[in-house]
Amino acid sequence: MIIVTGGAGFIGSNIVKALNNIGYKDILVVDNLKDGTKFVNLVDLDIADYMDKEDFVASIVAGDDMGDIDAIFHEGACSSTTEWDGKYMMDNNYQYSKDILHFCLDRGIPFLYASSAATYGGRTDNFIEDRQYEQPLNVYGYSKFLFDQYVREILPQADSQICGFRYFNVYGPREGHKGSMASVAFHLNNQINAGENPKLFSGSENFKRDFIYVGDVADVNLWFWQNGVSGIFNCGTGRAESFQAVADAVVDFHQSGPVEYIEFPEKLKGRYQAYTQADLTNLRAAGYDKPFKTVAEGVKEYLTWLNRSV
């Protein structure tokens with residue numbers, strides 16, 4: 001059995017899909033379906049069982065026998081960069097991760113988990129998996145950063161796989177439940193379908209991010225599991241592309257426009273990553289050599305999926 005926490009969420013459900021694609025269906029999805037809309041991410045997937053997150057935490061803390069587990073993909077977290085309840089964030093993203101990590105270490109179970117490029121904070125270069133380059137801007141980034149530090153202390157003595165992925169700007173199918181935290185491509189597509197012009201913040205040609213397609217993220221997770229590699233790795237394309245490029249790809253798909261520009265929100269100033277670009281040196285050195293989709297390629301595939309029944 002494989003366990004995927006956050007398995008009804010965005011990246012988690014795409015990992016479940018990737019596992020299904022290689023014939024793996026003995027999957028336990030762990031999630032919190034208080035937001036019932038997330039069920040749609042699972043309806044076309046094959047899983048063996050579902051477990052509520054609170055029940056799962058209680059079970060692993062109690063040390064319950066959950067049978068043979070081939071791996072745990074830990075994608076469950078609060079991923080809102082605008083959430084400022086630090087206790088909630090640390091319980092969800094830090095303590096929960098530690099509980100699962102020790103459950104895996106005690107049983108020799110491969111543990112692959114979601115970290116984040118938010119650990120790098122507001123820097124504009126050297127997005128390298130090293131402490132000197134890490135300075136998160138918000139409590140979400142701090143929760144991910146602190147768990148990475150915790151893992152770094154344990155890695156040298158660990159007898160089983162521990163692998164963290166610093167996700168950059170992930171976009172693609174199954175993110176609709178994320179609301180305001182969904183990708184720019186998702187929101188621009190909705191605006192056009194509602195008969196509006198797509199909207200970007202003023203200066204979006206200067207805001208550049210490393211946008212990575214969620215199918216590529218799932219491929220990275222499966223490859224590292226299948227190859228037993230441990231460490232903390234950036235998971236991006238190694239390219240910085242502008243929000244304008246995303247808008248151009250959406251407009252090109254719909255053959256509509258023009259793009260409207262709106263004022264940059266005051267509340268985001270100083271807490272917004274204006275530039276990200278993954279350094280893939282360590283990822284490539286580990287042996288992962290597959291190419292990553294460009295924004296133009298990924299957005300086209302995503303919008304084809306999003307608009308399949310429109």
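Please read every residue number as a count from 1 along the shown chain.
Here the Cβ of each residue, glycine as well, is placed from N, Cα and C on the backbone.
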If Swiss-Prot gives Ser180, His187, Phe201, Ser202, Gly203, Ser204, Arg209, Tyr272 as binding substrate, which of Asn169, Asn221, Asn282 does it give for that site as well? Asn169
By the count of other Cβ atoms within 10 Å, pick out the sparsest of the recorded positions Phe10, Tyr140, Tyr272. Tyr272
Work out how many Å separate Glu75 (NADP(+) binding site) and Tyr140 (active site, proton acceptor) at their Cα atoms, rounded off. 14
State which of the following binding-site residues has the fewest other Cβ atoms within 10 Å around its Cβ: Ser79, Asn169, Ser202, Ser204. Ser202
Please give the maximum pairwise Cα distance, in Å and rounded to a whole number, for the substrate-binding set Asn169, Ser180, His187, Phe201, Ser202, Gly203, Ser204, Arg209, Tyr272. 20
Candidate with the highest Cβ count within 10 Å, taken from the binding-site residues Lys38, Lys144: Lys144
